[in-house]
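Reading through the structure tokens given below for one structure.
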């Protein structure tokens, strides 16, 4: 096969008016014989009606061969670099691809410079390719990966899921309902007026939970106002950063592993006490972040317990004064332990 390609190159070079190649100059007579045969065959094809041979060898059907072949005519269309929009066309149409059909890895020794340059090395093939930065997700998923995700989804038609799984929906609903109830209660305590606007989502259940929280939370604040004031002075809450630091103290309330509705309602009641303080120092914008911090601590650390107790429905059903007062005493002791009855709590939230 290599011999045929070599003879084709020699014949083309002589036909275009060039000198014989170095490796084939010694066998000029045999090469010349082959050249005459090739020429006769091409002429016969043109006479029969196939102008394709003339177009490939001479440049156009039925036309006389050109005296010389332009150097760029031996060049081929280089493959476009990876990531490029189109091919990097550097020469004439693909009819002059004398070596493309055989896919040789390197040009023959007799090949001249322009034709040899047309064969790309692996380094040239990757020219223009920019490696993707580590940790960056590709903008478009590969087709096979996208099909695999679609086929493994819950839909039978291969479409991607548009809604989260049921467990995730339940978690989101618990957080949403908790945030709505706690945020509404804290704002009402700060302004001193009830909000008549209906609650969204599970309205009836949330409304009952809010009414229960108003009744129980207001009683906790009245009975333990002095203790709440002492804790507020130690916390020294003045801005949103101080409010965010409060979440560490809330987590400590449940550090002994004991959870009950008494501790939860005491924590929310103290949050309402802090909301009143924020209103008095013109920091009402910090009330919503405070409600989010309380909700995050409760739902994130006590989700399993809340689900087992049926969430806010269980809160509405719960009302035992003994258990409530026992939970309140434990919360106050926990705050005192964090504060160290001194500057320990102030140091903790810095």
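Glycine residues also receive a Cβ, built from the backbone N, Cα and C atoms like all the rest.
Features of the protein shown, as given by Swiss-Prot:
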CROSSLNK  5  ubiquitin cross-link
CROSSLNK  40  ubiquitin cross-link
CROSSLNK  136  ubiquitin cross-link
CROSSLNK  194  ubiquitin cross-link
CROSSLNK  197  ubiquitin cross-link
MOD_RES   121  phosphoserine
MOD_RES   159  phosphoserine
MOD_RES   162  phosphoserine
MOD_RES   163  phosphothreonine
REGION    104-175  region 'PEST-like'
REGION    148-170  region 'Disordered'
MOTIF     209-223  motif 'BH3'
MOTIF     252-272  motif 'BH1'
MOTIF     304-319  motif 'BH2'
TRANSMEM  328-348  transmembrane segment
DSSP residue counts for the motif 'BH1' (252-272), split into helix, strand and coil: 14 helix, 0 strand, 7 coil
Reduced DSSP assignment, residue 194 (ubiquitin cross-link): coil
Model confidence over the motif 'BH1' (252-272), averaged pLDDT: 89
Tally of residues which DSSP labels helix, strand or coil - the motif 'BH3' (209-223): 15 helix, 0 strand, 0 coil
